[in-house]
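Over in TrEMBL, the protein carries these features:
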type	residues	note
DOMAIN	328-508	domain 'L,D-TPase catalytic'
ACT_SITE	H463	active site, proton donor/acceptor
ACT_SITE	C482	active site, nucleophile
Amino acid sequence: MIPFIRSRSPRAAWRLPTPVFLFVPWILLLLLGFATEPAGALTISDAIRSLLGDGAPPRTLFVACQKIHANRDLIHFYAHRNHQPAWVRPAGAGPLVAPMVQVLADSRDHGLNPEDYHLSCIRALLESVEEASRRQRPLSPRLLASLDVVLSDAFMILCSHLATGRVNPERLYPQWLSARHKADIIQGLNDLMVHGDVARTVRHFAPPHQDYWRLLAAARRQRAHLWSRVPPGPTLHPGDRDPRVVALRRRLAASGDLPDPSSPDPALFDLDLAAAVRRFQARHGLETDALVGRRTLEALNVSAEERLHQMLINLERWRWLPRRWGDRSILVNTADFSLTAYEKGRPALTMRVIVGETATKTPVFSRDMRYLEINPYWNVPRSIATKELLPKIRKDPDYLQRNHFELVTGWSQDSPVVDPATIDWSRVSPATFPGRLRQKPGPWNALGRIKFMFPNRFNVYLHDTPNRHLFQRPHRALSHGCIRVEKPLDLALFVLQDDPSWTRRRIQELIATGQRHVVPLARPCRVHLVYLTAWVDEQGTVHFRKDIYDRDRVLMEALGWVPSPTNSGPAPHPGG
């Protein structure tokens with residue numbers, strides 16, 4: 001099985017013109033060598049064996065001036081077929097070569113770079129094969145062997161990138177745990193040799209989720225989109241007549257938000273245009289007030305090219321995600337401030353959430369929810385206790401008692417409680433903070449009345465909150481990293497549905513006792529915390545969200561995308 005494979009040089013890989021131009025003279029010299037090789041000197045199998053060596057541990061390997069990445073897997077693959085070629089025949093390219101070249105070229109639709117998969121090299125080798133055939137010259141076994149090995153390496157690297165992503169997210173983000181998909185790429189290549197369907201085989205390694213394929217199709221359409229900016233100025237209101245409205249009308253028509261841009265008075269902000277603005281705002285997670293103010297104008301003036309790259313970035317994120325959500329699962333999209341609960345793949349419940357601030361980002365990972373707590377204690381993290389609460393305690397000796405905090409000496413539930421009045425708080429520093437703070441259950445508790453637990457190394461969980469008004473804000477990155485849920489009772493009923501004795505009334509009665517209760521789930525519920533800034537819903541509507549954690553930029557840099565000189569977005573994708 002092929003391991004996770006990084007691109008040979010993510011930054012350089014996307015700056016194609018220079019590497020390709022440098023490559024051409026080398027391949028021409030190489031082909032001249034093939035052309036002068038004595039006919040019948042060796043077989044293709046002999047040439048493949050010579051190229052790959054004696055089966056020793058992986059080493060740096062170059063074939064046709066291309067660095068080969070899947071050394072171990074190539075050696076294994078060819079050894080098990082006695083070094084017989086997979087793609088070529090003594091007479092030239094076999095029937096799988098043309099569809100494979102097309103699949104490599106189409107990898108740009110996935111946001112991948114065809115040059116990571118030797119496309120120019122393969123085309124040059126093919127041209128040499130065809131030229132020899134046209135001139136009725138004997139085909140060099142070394143030429144055919146090189147083409148075969150490079151094609152196999154291209155297949156393995158492309159399938160690896162589709163299966164696990166082109167970059168490793170855990171090297172980019174400290175708050176990201178990826179779900180590595182274990183793909184047997186050698187078996188996939190062996191299967192391809194049997195059934196001969198290249199496109200189907202390669203597609204098998206890409207994410208199976210329809211969300212991925214809807215986004216890929218939308219990105220393909222996005223390549224044809226262009227739109228102009230709406231000039232800056234004061235907020236535009238429905239009913240206004242302004243020259244800028246003409247530009248607004250053109251902009252919304254270009255992105256499909258305004259189906260019919262024609263109007264007897266193009267400068268009038270009419271009802272149809274107001275409806276189009278609301279559609280645009282809904283797609284971008286903005287307040288749907290039909291006012292074109294600062295935030296809406298900012299979203300309107302993101303270029304079509306930048307939106308395309310935002311889509312491609314999120315295709316890469318899908319490749320990092322688990323292949324299966326689970327029969328019962330909860331998906332939290334941090335960038336959208338939303339939670340969706342699924343039962344057997346169908347949405348059963350949706351709600352708003354509050355996520356971590358920029359300084360305390362909500363992480364990305366998947367874990368099983370195993371229990372929930374009714375009337376939980378809030379065990380205050382030491383960083384919050386020392387940085388945020390200690391200054392308040394120093395100023396107000398009654399702060400802890402008034403806000404229902406206890407000072408305890410240990411971390412067990414039965415740890416002794418210390419009277420805070422016995423502490424000289426003026427002499428306490430963050431380094432000498434005595435014990436830990438916990439907030440007693442009740443309507444004042446920062447975790448609200450219900451906490452949903454899925455143990456993880458980040459100590460992050462879902463919970464209720466007493467500050468219900470915050471859910472009305474469009475931007476809800478407000479927490480220390482945990483996720484506050486809008487409908488805790490509904491979510492509790494969803495995860496407890498296997499036991500019909502858990503009714504809304506029973507939960508409310510337990511809440512009314514004010515006592516902490518731990519409720520194990522009859523069946524674990526898989527929780528997925530994700531970060532998606534672009535997606536396509538089941539109705540085909542494309543959505544974009546603001547990159548609240550600056551993760552898009554980090555990923556663009558890792559992929560080697562550089563700003564275009566004409567705008568602040570990444571450079572155009574090769575060929576598109």
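Placement of Cβ uses the backbone N, Cα and C atoms for every residue, glycine included.
It should be emphasised that the depicted structure is a prediction, and the values quoted were computed from it without experimental measurement.
Note: the residue listed as 'active site, nucleophile' has non-local neighbours G356, T362, V460, Y461, L462, H463, i.e. same-chain residues 6+ apart with C-beta under 8 A of its own C-beta. A mean pLDDT of 95 is what the model gives for the domain 'L,D-TPase catalytic' (328-508).
A coil conformation is recorded for C482 (active site, nucleophile) in the three-state DSSP classification, outside any helix or strand. For the residue listed as 'active site, proton donor/acceptor', other Cβ atoms within 10 Å of its Cβ number 25.
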